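Asks: Structure incoming, see below.
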Amino acid sequence: MKAVIFAYHDMGCQGVQAVLDAGYEIAAIFTHADNPAENTFFGSVSRLAAELGIPVYAPDNVNHPIWVDRIAELAPDIIFSFYYRNLLSEEILHLAPAGAFNLHGSLLPAYRGRAPLNWVLVNGESETGVTLHRMVKRADAGEIVASQRVAIAQDDVALTLHHKLCQAARQLLNSILPTMKCGDIPSVPQRESDATYYGRRRPEDGLIDWHKPVSTVHNLVRAVAAPWPGAFSYNGSQKFTIWSSRICPDAQGALPGSVISVSPLRVACADGALEIITGQAGDGITVQGSQLAQTLGLVAGARLNRPPATSGKRRIRVLILGVNGFIGNHLTERLLNEENYEVYGMDIGSNAISRFLLHPRFHFVEGDISIHSEWIEYHVKKCDVVLPLVAIATPIEYTRNPLRVFELDFEENLRIIRYCVKYRKRVVFPSTSEVYGMCTDASFDEDKSNLIVGPVNKPRWIYSVSKQLLDRVIWAYGEKEGLRFTLFRPFNWMGPRLDSLNAARIGSSRAITQLILNLVEGTPIKLIDGGQQKRCFTDIRDGIEALFRIIVNDGDRCDGKIINIGNPDNEASIQELATLLLDSFDKHPLRCHFPPFAGFQVVESRSYYGKGYQDVAHRKPSIDNARRCLDWEPSIAMRDTVEETLDFFLRSVDIAERAS
């Protein structure tokens, strides 16, 4: 049986050797070039392949059509991935008749995602393992072929557990690969209800919070001990790293972060003390705890965990145009929760952001982007990141006011984009799921799906094509003039402060707000064309967290990217949304203050939206880019979002006025 292998790290070396030992022919190995900035303590797959005389490649993008074609020419019967760091495209996964299989360092479905080795230690688990599973489009979600458990000892640290997992992986592969070679491949579906997902860990995640329980701090030390970057703290401005520790149950009543003693070096936590066995000051050498205390000048009673002063470091300035809107006001709240962000905003109203107006890091001007061009240009020049969120984005307006949609959504925003080009500012631009139009793909891929719209005599598409054209202009500015940009495409975000009931009264609102108005006023819920159109509804909290991570842009991974932000698991028809909303309404404590339910009413889209409207049967995102670039996964169930949105609107109604 001919195999193509994708592999890296020690696990990759173990996997390659196990495949050879099982009698497979390896046609080629794909790996990664080592990163000079990374501590490469592990074995080299490329060196092993060269020694074995196997062709080895390290492409920047293995999913590029050129490499897909080359892999297809190899005609693999089976594909294996052993700690290869990039997701493989569906085109590659489908090249092998027997399938593609990945070795994951946990007992799936627990600890999907990245760095499971470190996360199980952070969380104080007593057991983990390795799992061989079939690869599908969604990372780590395919059927399980085989797994092997590994006990985690109390004295295990990241490196010792890594060695245990490598040994377990080799044992697992030695037992299952010969069976698979004969065509007998077990397949056990994963229980999605048991799935957990963890994202990438960064060196800065090793900062110790002494207010945590001592077991939590000790587990962090274990999880990132050498050769990982280490858990660290500060004595004033001096950073130091803790490489090994033990738990002491008695903190002697000291405040968290207080040095209890220097020989041995013990520091108080929330419910005990951490004894520092070995550590390192700055870039110095590793020494025992008492010597570390001497090097740092610690004395009993000193307080740790005081990061270096940042008064000289300027905060990141974020300009949000349309700051009073649904996304704008929620994003403002998220940014102001972080000390290193300052928000400048403009909008034609301030009702949704009134809670921020006195905040020292929030600067607001009431104005219209069509008029206040000088203010906007000045603040584009002044700020670091620009989010032009102003747009007409309610379907009924596409047929009512198509020219106004074009003027605002395209022309006014193009001017802002040109300011960003002129002053070389990063722009995070809200594209839309509407750009996919009537795409027939099962899920919409940012980089591959066709953008399909209706004929010119259907003005309903003016919003979609305005946004799409601006997407293309931004992309061209990035390619030709170096504009730093990220395009994000929200898929039906919902939550408190979405539109208003007054907007719903004139038909200029999103679907759920209109449905809530029907319930509040006791009018029939109108199901446009029967309400069978399917959408994927996303909680605003999930959406904003993804958008915040785009702004943070860790490792510049979002530069030049288009990122869908939606929840594929929350797919429902408008009729199903209405039914769920009605159920929540009937259970709400304020239900008795509102009229009886007036029933459902099926209406034609033309009678509701007017001439020139077309609807879309389904709209489901692929979120692989979001997972890869943001380490993000939506987690909030649709029912929770519906209940919270409903509660917000019901409590905004003047019950006393209604009763009178």
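Placement of Cβ uses the backbone N, Cα and C atoms for every residue, glycine included.
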Asks: What does Swiss-Prot list, out of ASP347, ASP441, as binding the same NAD(+) as ASP368, ILE369?
Replies: ASP347
Asks: The (6R)-10-formyltetrahydrofolate site in Swiss-Prot includes VAL136, LYS137, ARG138, ALA139, ASP140. Which of ARG114, ARG170 is also listed there?
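Replies: Site partner of VAL136, LYS137, ARG138, ALA139, ASP140 for (6R)-10-formyltetrahydrofolate, according to Swiss-Prot: ARG114.
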Asks: On a C-alpha basis, identify the one among HIS104, ALA139, ASP347, ASP368 that is nearest to LYS526 (UDP-alpha-D-glucuronate binding site); the candidates are the recorded positions.
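Replies: When the Cα distances are compared, ASP347 comes out closest.
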Asks: Could you tell me the maximum Cα-Cα distance in Å between the residues recorded as binding NAD(+), namely ASP347, ASP368, ILE369, rounded to a whole number?
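Replies: It comes out at 8 Å between the most distant Cα atoms.
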Asks: Would you identify the secondary structure of ASP368 (NAD(+) binding site) according to DSSP, in three states?
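Replies: DSSP call for ASP368 (NAD(+) binding site): coil, neither helix nor strand.
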Asks: Please report the three-state DSSP label of ARG138 ((6R)-10-formyltetrahydrofolate binding site).
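Replies: The three-state answer is coil.
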Asks: Restricting the comparison to the recorded positions HIS104, ALA393, ARG535, which residue's C-alpha is spatially nearest the C-alpha of ARG138 ((6R)-10-formyltetrahydrofolate binding site)?
Replies: HIS104
Asks: Whole-number answer please: how many Å between the C-alpha atoms of ASN102 (site 'Transition state stabilizer') and ASP140 ((6R)-10-formyltetrahydrofolate binding site)?
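Replies: Distance between the two Cα atoms comes out at 8 Å.
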Asks: Quick one: Cα separation, ALA139 ((6R)-10-formyltetrahydrofolate binding site) versus HIS104 (active site, proton donor), in Å?
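Replies: Rounded to the nearest whole number, the Cα-Cα distance is 10 Å.
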Asks: Specify the secondary structure state of SER433 (UDP-alpha-D-glucuronate binding site) as given by DSSP, simplified to three classes.
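Replies: The three-state answer is helix.
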